[in-house]
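Engineer: Sharing a structure below in structure tokens format, with a few things to ask.
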Amino acid sequence: MNFWVIQGLNGLAFGSLLFILAAGFSLIFGLMRVANLAHGAFFMLGAYVGLSAIDNGMNFWVAILIGGLTVCVLGGVMEGLILRRLAGQPLAQVLVTLGIAFIIADGCLWLWSGDPRPLPMPSELQGVLRFGGLIFPKYRLFVVVVAVCLAGALWLLLERSRVGAMIRAGVDDMEMARVMGIRTSLLFPLVFCLGSALAGAGGVLAGPILSVYPSMDTDMLPMALVVVILGGVGSLGGAFVGALVIGFIYSYGQALVPDLAYVILFLPMVLVLTIRPTGLFGRRLV
Amino acid sequence: MTARSGVWLVVMVVALVLVPVLIGSPFYVNLASQVLIYAILAMSLNLLVGFGGLTSLGHAAYLGFAAYVTIYLTTLAGFGQFSGALIALVATTGLAMLFGFLALRASGLGFLMITLALGQILWGLAFRWVSLTGGDNGLGGMQRPHPFGIDLGDPNAFYYFALCFFLVAFAGIALFVRSPFGHSLRGSRDQPRRMRALGYNVWFVQWCGFVYAGFWGAIAGILYAYYNQFVSPHALNLMTSAETLLMVIAGGAGTLFGPIVGAVLVVVLKNVVSAYIARWVMLLGAVFVMIVLFMPEGLVPGTTRWTKLALGRRRRAAGGGPGEATGTAAVQERSS
């Protein structure tokens, strides 16, 4: 019994990290039709920048801010300088993001060397909580709370604000939105920066759980893809459900069949593609 | 095939046969063998990317899977060289059938994301299923086969062995592309709706192209296993898939010679650069960005167009009308 609850909570924590990662990817992909393959590299870069911030004596919360902002600026520059030039060529855009992913990954290896490094967690979140006979680390619960708050905030932004209405209009029908006078050229950098910032801050947040290591980007990117394919493109709810499903499967799989844990992660994707190629909550074929 | 590309073909074959004689040094002959193996892989990916309009980021799956199966069967499971290779070929083609079924549920970027994820599954299996695959250490200890009593341990012998497969692959792919079926594959790329209206089963056409590409990927994988006598998860990772895609795009997707030029470029660049600096991955990324921004059609169509334009200009200067016609025709061909 304890085993199932503890692993369930671990799955919830991992799923929360995946949601933070996948929400940014899904937001960008949904609006701009850009599959940002540098998203995993953004996540890793955020984690490394956060690590350096902590090494230089800043506290964890400032590190999250710095990690998020750095990647946000980088994403904005990439969108403005490169992706915009390739507007309307989705394939060229995706290849450019892949090239940038390699540049960032190799740059991180260069700057921070190849050793995995743990990212220290803030002192106020160290230790464990006890309910009855259960012991659970505080930090993982904190990550779950962050993800739930983030989901709420994004929901408010997308469903209850004017900007959100514009973004949704752009996701649904870009041309019609333009005709109605929505300046999608202003929305693009905004959404791209927001999605990148989520990746960067998410990386710092993941640091204490996953630690920071060189192949973090190629470990996390496929997971973001799987979550998005599973949940449906551009759907926030889909990303949330998809991330939780993957989080649970990973956590139980890791404990029950460690050799195959990584592989069974992809089974739900295979299943969904076979039965419902639009994803659980998607309306359009990816 | 026009007369001019026929001439190029003869030149290419003669040059390839003469390579070991011309360069002599075993290091460079081995490098040439590598180029041939990757050229087969790039040509097979080109079937999807160039002729099928399906950009796959998981093509290393077939290279690595075939290599793993070959080495596992011949070293650990006790199969003979020929039966091991044959089973690897059949198994990898079967894998392509399955992956094709899944990946073709989507098109465009969805296809790309699914192939990437599927490729990553295999990488995960190879990396983490240590009892079967040896994990990060990989599988080794394989001997090169001795077909007809020839020792393939010799660099020149292996080069000619790989060259035979390369030429068969080139012919097989060229004939496929020029066959009616190849035309229907291109039709499915350019006008899927019209093809459907004409009664073609677009899904099936693309699936067949996918499986055929997987088949040649498997051939490249078996040769890879023979060449390295070792395989590790590296053969399956995203880097390898991306390098292969770069070969296709840098050389020119949708042309017969493009992927070969791309394979020469990437393999030589990788080996030369790795000898001097440790930042090959960063350079690969930069080359990717540069190619997409400045030469999106690839080297072969790019230079062909420039030569045609230059020739056209010269002919026009000599007072001919047809020169101009060929020049503009070339441009129109590209833009259509």
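In case you wondered, yes, glycine gets a Cβ from its N, Cα and C as well.
In case it's useful when we look at the structure, here is the feature table from TrEMBL:
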type: TRANSMEM; residues: A:12-30; note: transmembrane segment
type: TRANSMEM; residues: A:37-54; note: transmembrane segment
type: TRANSMEM; residues: A:60-82; note: transmembrane segment
type: TRANSMEM; residues: A:94-112; note: transmembrane segment
type: TRANSMEM; residues: A:139-158; note: transmembrane segment
type: TRANSMEM; residues: A:186-211; note: transmembrane segment
type: TRANSMEM; residues: A:223-249; note: transmembrane segment
type: TRANSMEM; residues: A:256-275; note: transmembrane segment
Engineer: Determine which recorded stretch among A:12-30, A:60-82, A:186-211, A:223-249, A:256-275 has the most C-beta pairs below 8 angstroms with the transmembrane segment (A:37-54).
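Structural biologist: Comparing A:12-30, A:60-82, A:186-211, A:223-249, A:256-275 against the transmembrane segment (A:37-54), the winner is A:186-211.
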Engineer: Of the stretches A:12-30, A:94-112, A:139-158, A:223-249, which racks up the most C-beta pairs under 8 Å with the transmembrane segment (A:186-211)?
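Structural biologist: Maximum Cβ contact count belongs to A:12-30.
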Engineer: So, do the transmembrane segment (A:139-158) and the transmembrane segment (A:94-112) meet, by the test of 3 or more Cβ pairs under 8 Å (sequence gap 6 or more)?
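Structural biologist: Since fewer than 3 Cβ pairs under 8 Å link them, the transmembrane segment (A:139-158) and the transmembrane segment (A:94-112) do not come into contact.
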Engineer: Take the transmembrane segment (A:12-30) and find every residue of the same chain, 6 or more past its ends, with a Cβ under 8 Å from one of its Cβ atoms.
Structural biologist: 36, 39, 43, 140-141, 143-144, 146-148, 150-151, 154, 167, 171, 191-192, 194-199, 201-202, 205-206, 209-210, 220, 223-225, 227-228, 231, 233-236, 238-240, 242-248, 250-251
Engineer: With a Cβ cut-off under 8 Å, give me the same-chain residues at least six positions beyond the ends of the transmembrane segment (A:60-82) that come close to it.
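Structural biologist: Distant Cβ neighbours of the transmembrane segment (A:60-82) are 38, 42, 45-47, 49-51, 53-54, 96-97, 100, 120-122, 188-189, 192-201, 203-205.
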Engineer: What else in the chain is close to the transmembrane segment (A:94-112), if you only count residues 6 or more beyond its ends and a Cβ gap under 8 Å?
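Structural biologist: Residues packing against the transmembrane segment (A:94-112) from afar: 34-38, 40-42, 44-45, 48, 51-52, 78, 82-83, 86, 212, 214, 217-218, 221.
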